Amino acid sequence: MRRGWKMALSGGLRCCRRVLSWVPVLVIVLVVLWSYYAYVFELCLVTVLSPAEKVIYLILYHAIFVFFAWTYWKSIFTLPQQPNQKFHLSYTDKERYKNEERPEVQKQMLVDMAKKLPVYTRTGSGAVRFCDRCHLIKPDRCHHCSVCAMCVLKMDHHCPWVNNCIGFSNYKFFLQFLAYSVLYCLYIATTVFSYFIKYWRGELPSVRSKFHVLFLLFVACMFFVSLVILFGYHCWLVSRNKTTLEAFCTPVFTSGPEKNGFNLGFIKNIQQVFGDNKKFWLIPIGSSPGDGHSFPMRSMNESQNPLLANEEPWEDNEDDSRDYPEGSSSLAVESET
């Protein structure tokens, strides 16, 4: 009886957490919808008097708004990618590992299993990176998110504002979302500013639109400052080919710690996120090279690194399609030892 109540309570808490995790997204959506109304109707259709100016403002605004909304949608609804089945322990290996009580034997078991996989990063103690919750050997740059309850390929962070884990599958979209958000706020601020001055000087009648125009400038400037800092930080990460987690915790390779282990040079670093074809760099469609399991590394020469030698490290003929759990609103990654 008591166990049933505990299970029901636990299920209810999980349900509440899932609902609450969408609150930050709802806040952003409501702010954006209000900004659309304030700019299109209160500014362009009511306050701006010149027909030509109205048309120019509306065309440019909607062009930016489409890409802003598109990238936000992709950041939210592009599911995080998990390691495929080759990195999961088989049922037999899982039972052997769980039943083995000697830590040194467990470590050796993981070492033997990892020899068959393209895994070059280690824990701080030099052990094979293993997730005891997902029961898999973690690919390079993969981390477990305790919020999403799964391992995420090339995990950057868990973002509450998109209610999703940002990783290999959607980092490009997230970066584009930041860029178009900055552009969106900057465009609103620059076009609204002259009318803000006119209202301030009393050159325009004090009507209902005054509140929307004045508050629109304030909100645009506030978001612009915070977003440009975040966008600048992620641009720096891309230029170094780092994730947020790698910036805080230096990756450890088989040869030892190396903070620039994935740094291939500025252009190649950008291509690792956006791909080789520049015409796709501004469009939110998947163009990041690779499969998220293996990455070129600066710390290895071409004879050691199959990706730099243009060779396939391993083949996967199995169907790896699956449903991934939904994320929730906090940042949580397992600690590695």
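Our numbering is plain: 1 for the first residue shown, then up by one each step along the chain.
Here the Cβ of each residue, glycine as well, is placed from N, Cα and C on the backbone.
Keep in mind the model is a prediction, meaning the values are calculated, not measured.
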On the question of membrane sidedness, does Swiss-Prot assign Glu53 and Lys259 the same topological domain?
no
Among Cys131, Cys134, Cys165, which are binding-site residues, the residue with the most C-beta atoms within 10 angstroms of its C-beta:
Cys165
Within-chain partners of the topological domain 'Lumenal' (194-210) [C-beta distance under 8 Å, separation at least 6 from its ends]:
42-43, 46-48, 217
Roughly where does the topological domain 'Cytoplasmic' (235-337) sit in mean pLDDT, to the nearest integer?
75
Cys148 (Zn(2+) 2 binding site): secondary structure state under DSSP, collapsed to three categories:
coil
